[in-house]
Amino acid sequence: LTEPPGSLLAAEAMRAAGLLLAWALLHPAGTQQCHLASPGGVLRFTDTHAEIRVPALHRVPSSLDPLYGLVRRCLDLIQQNPLPTELLRVALNDPGSVRTSQVVQYELGYVVCAVVALLFTVAMPVAGMCFCYCRSRRRCGGRLRAHRRSLGCRRHCLLACLSLTSLVILTSVICAFVTSQRVKGQMEPGLGAVPATLRTLRQHIANVPQVAPLSWQGVQMVVDQFEVPRQQIISDLGGLSRSVGLSIHAQLKAMTYAALADLQDRAGDLQTSLHHLQILDKTARALASARAELEPALREQRRRVVALLDDPRCTSCASVLGRAQSLELGADYGKVPSVEKVLKALAGLPRSDFAEMIRQGNGTFNSIPELAVERMAHVIQDLRDEMAQVTEKVQSIANSFPLPDYTRPVSEALVKAEDRSQPYLREVERFEQYRWIAGTVLCSIILLILACNVIGMALGAYGLSKREDPSDYECRGEAGAKFLLVGVGLAFLFSWLLILLVFATFLVGGNIQTLVCRNWINQEIYKFIDTPGNLPPSMNLTHQLNLRRDSNLSAAYRDCKSGAGLWEVLQLERSYDLDEHLKTPKYTADFQKRLGDFTARLGDVRLLRSEGRQDLETFARSGMDEVDYGRFQEEMKNPVVQTSLPGLARSLEGLQKMQRNGTVAGRLAAEARALWQMQNSTVQSQEALVAKLGESVQFLSRLAPQLQERVKTTLATTASVEARLPVQAQQILRQEIGCFTRKELRYFAQYLNWVGQTLREDVASCQPLATALDNGRVILCDRIADPWNASCFSLECCSFFLIPNIIFAVRLTKHFRPIRNRLM
């Protein structure tokens, strides 16, 4: 007999369930890595840089840069003295004690320039009056006395010199006009930038702390960014309970499902064993009864067949006689062991519904995620309320931040500077307006002089070309000479005003360049301010800016320029321990405690009830394993009838064909039919019962030796799993809560680290202060002083080149007029 396929599948499933259960028990849950907090998210905070910025200004390259460089070199040559620290100290602390000799000594270069300008101012009008007197005597700008052959060469040389001089003056006046316009264009925005920059700085400093409840700048804006981790934590809390439940379910399902599968197998073994035992008992009884009924019929059939084959009339029947004589019954199932005792022990089983029991246990286990949501709802709400309290604690960072104590004096100083600068700025603007008007007028006069030169030279040259006799009068030449003299007169009349304007403006612009800009660039001004005693107490910037005692303006300027914050520059950590205020436990202690104290039983799953356990114990004690199934198998090896009835019947049918006696042949045919009828009606049905009996014997014989151990293992495993589920569920709960806590603490740590970095570097940045100083230098030195001095320098060139212009124009007028005496 072969093992049925269904039994093989059941055995394989049972072995697989056993292996899965063994693995689950040997690999306890709660050892997995954190999955709730892996990987921890990286929070993104809004940029909190102050929206009020001081835009940095830079020197713009220009085609006039070579002129600016030339002017600066000239000024460096005029003023070679370094920063007059002693003079400035006395002037700032005790203005009345300043000696004129000290000022003259420092301004010696400009004193020389003043002397030159004074001489020019006196000399030019005097020279002009002398020229007028000569003209009245017809001596200056008159006619040549005699014609010489070298006059043409001299005339051309004078024309070239006057043209070159006029070209230089034209270039200078164009440069003067362009730079004057540039000064005018930069002066108004430059002057407006002073109060605007002071106002912007004041607003920047005012917005560093939380000045007003509605301020979203500075420190308050940083504190308000706690909304980012708070929302993330609230979001994580919303999914915590289900995630914990799913994690418990996922980590314990292998063990639980294996135990349920093993229990289902034992319940199946009970049902199937009971079924096969009933079949075994019923079939054995049926076979014994059928044997008893078959025995007399078989005996009578053997007698008739033996008598027929032993008949002398039967031809060749002796060969079959031996087989007929051995025609008797085979297997006797009345000798096999009885299973009535086992069936009596299993009577009424199963008393419990194992299918419903397993379904309920499976449903209870699968409901762990929903149970976790229900059990953790209260603590989740408490944690949400706790986050509101943490928000209040974080607000204390802004409330206790000390920057207002340091920035208030700076704001007040900026307000005073803004108010006091307004009158001076208005005066500068008015002075610049006058300067521009005077400069424009004088530039126009110079252009008029140049126009007289150009017209005079053009008319004079044209008149000479039309004049045949040098002594002849020619109106165009005479007109050219008069235009040149008009230009000379204008030069005498306005050149002294020009030099006065040039010196006055050059004195202001030059001192700005040499006293302020040059020392600003090389940091000498900062060194002067840093030296104790140089500034009066009312101008003590170190005190007004609240710089630490061991610091100075130069170091503060360098730190601010490099991007340092007020926190570093003012060394606020000495008075305010920011690290202490940003310690994570200060804000997370209660949050951690609530999570650490939470417990809940989430693994109470009943896999096997007491009546089910009793059924399995009764099944194991039923004695099914004591039945000698080998006796059944031994009997099943014997056929129902020792001699094959179909074989004997076919032999009789063969003998029938060999008989000559019809009566014998008929009897042989009748006996063959009787044997076939016995085989088909009785023997085949018994053989079917034997086959059915064989299936039950095979199942029971394979299950019986392992029955006690399997049931014992199943009961022990089920009890172990029921006991381990709550313990391991609690372990997983602690693990998942621990993972969640570490993840949320990382959010707190990210935020607090960002707060510390932002407060130290970004929110309280003093870079706008350094930028404002740099912008002041760019506006004053690069955009105003450079074109201012270039304009003065250009006008100065015009002034000095007017002298050769006068000389060449006066000398040239004689060549445009008729010669008095013509010499051959």
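Even glycines carry a Cβ here, placed using N, Cα and C.
When the ranges 261-288, 373-400, 681-708 are checked against TrEMBL, the one recorded as coiled coil is 373-400.
Per-stretch counts of Cβ pairs under 8 Å to the transmembrane segment (157-179) identify 436-462 as the leading one among 108-136, 436-462, 483-508. Confidence for the coiled coil (373-400), expressed as mean pLDDT, is 87. Under 8 Å from some Cβ of the transmembrane segment (483-508) lie the Cβ atoms of residues 110, 113-114, 117, 120-122, 124-125, 127-128, 131, 135, 141, 435, 438-439, 442, 445-446, 448-453, 455-457, 459-460, 788-789, 791-793, 795-796, 798-799, 802, 805-806, 809-810, 812-813, 816, all in the same chain and six or more residues away from its ends.
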